[in-house]
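Novice: There's a structure below that I have some questions on.
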Amino acid sequence: MSKTHLTEQKFSDFALHPQVVEALEKKGFYNCTPIQALALPLTLAGRDVAGQAQTGTGKTMAFLTSTFHYLLSHPAIDDRKVNQPRALIMAPTRELAVQIHADAEPLAQATGLKLGLAYGGDGYDKQLKVLESGVDILIGTTGRLIDYAKQNHINLGAIQVVVLDEADRMYDLGFIKDIRWLFRRMPPAAQRLNMLFSATLSYRVRELAFEQMNNAEYVEVEPEQKTGHRIKEELFYPSNEEKMRLLQTLIEEEWPDRAIIFANTKHRCEDIWGHLAADGHRVGLLTGDVAQKKRLRILDEFTRGDLDILVATDVAARGLHIPAVTHVFNYDLPDDCEDYVHRIGRTGRAGASGHSISLACEEYALNLPAIESYIGHSIPVSKYNPEALMNDLPKPLRLTRSRPGNGPRRAGAPRNRRRSG
């Protein structure tokens with residue numbers, strides 16, 4: 001974490017359980033981020049918190065620290081059964097649930113509290129086997145949680161801590177009925193520590209907090225601008241015919257260490273993947289059609305640096321906690337203004353700088369005025385020389401279901417192609 005992203009407040013300054021502090025410091029966490037410095041005094045005092053902060057600002061560690069401290073400091077109910085978790089953390093996507101679980105593992109190892117993971121797509125029996133042995137903290141997506149609850153594999157009657165992460169995304173994906181179903185099976189709000197975190201605290205999110213929390217305190221960490229002041233934004237106006245060639249030329253020029261390319265449809269993502277894979281880039285594809293095991297493998301390879309480029313739809317734009325993403329390319333300008341912010345928020349995280357490059361083609365340029373109005377500024381425009389675009393490109397690969405989602409990146413230096421402007 002960059003020091004510029006941290007406050008002077010130290011975790012050790014709080015009356016946190018010693019095992020929690022030890023686990024944090026072992027992972028190199030000494031100073032709090034702004035959202036952690038605001039939320040922890042409240043949760044340690046037993047107050048409910050509804051927090052707003054940009055992605056990448058430490059929200060996850062804020063609620064994990066609070067959850068582990070609370071469970072270590074408050075005994076479980078006397079007649080708690082093996083199928084009754086003590087804490088429930090709900091996430092909108094399986095990728096986010098998996099990442100929260102990974103972030104929680106060092107704390108679990110240090111404290112002895114047991115973790116469980118529940119998400120749809122695959123792994124039903126494997127997840128169930130862990131639950132049957134008893135877990136303290138259950139992390140999951142609402143659909144799989146309801147499946148387990150309806151079959152009495154889990155019982156929510158002993159819940160002491162509830163976390164709702166990416167609450168605005170829960171609404172976007174239509175999970176609000178599922179959330180309310182789960183809340184109705186828990187002890188009353190006054191008998192739990194409740195935490196809600198969201199990129200935006202809209203009216204509907206505040207309404208949910210009013211319904212399901214106990215006089216929650218609202219804490220907000222507002223960025224200087226919605227897109228983050230450490231992100232360099234850049235805009236090009238390519239023709240439809242030059243768009244793919246421009247993208248590949250920019251990639252050769254920028255030679256990003258770790259980049260995510262967003263497009264508006266899965267078919268467009270597959271097309272981009274095919275061009276880049278054929279050109280020798282180490283590229284992965286992440287869309288709703290990719291099988292769950294493969295999705296997790298691709299994310300792991302991208303996080304480890306085995307892949308340099310990830311091509312993704314907006315289904316993957318929220319909740320990806322991947323460090324050191326240097327570049328985000330908006331191959332298509334999104335139809336939803338918030339998606340622009342969420343997309344480019346994958347870079348420039350935790351105090352680092354980042355570069356966002358958007359292509360306003362003939363098909364999606366009409367989305368630009370609304371995006372610029374939403375973010376409160378114009379995106380700087382750059383020009384390019386059409387004659388300098390790459391044109392000796394191999395025929396794109398066509399995706400087959402048996403083909404892996406990456407290809408070897410070509411060895412050697414990037415091509416020496418420069419744009420004008």
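Cβ atoms here come from the backbone N, Cα and C positions, even for glycine.
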Novice: May I ask you to indicate which of 165-168, 377-380, 393-396 is given in Swiss-Prot as motif 'DEAD box'?
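Specialist: Per Swiss-Prot, the stretch marked motif 'DEAD box' is 165-168.
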Novice: Motif 'Q motif' per Swiss-Prot sits at which of 9-37, 38-66, 67-95, 270-298?
Specialist: 9-37
Novice: Hey, does DSSP put Gly56 (ATP binding site) in a helix, a strand, or just coil?
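Specialist: Coil, per DSSP.
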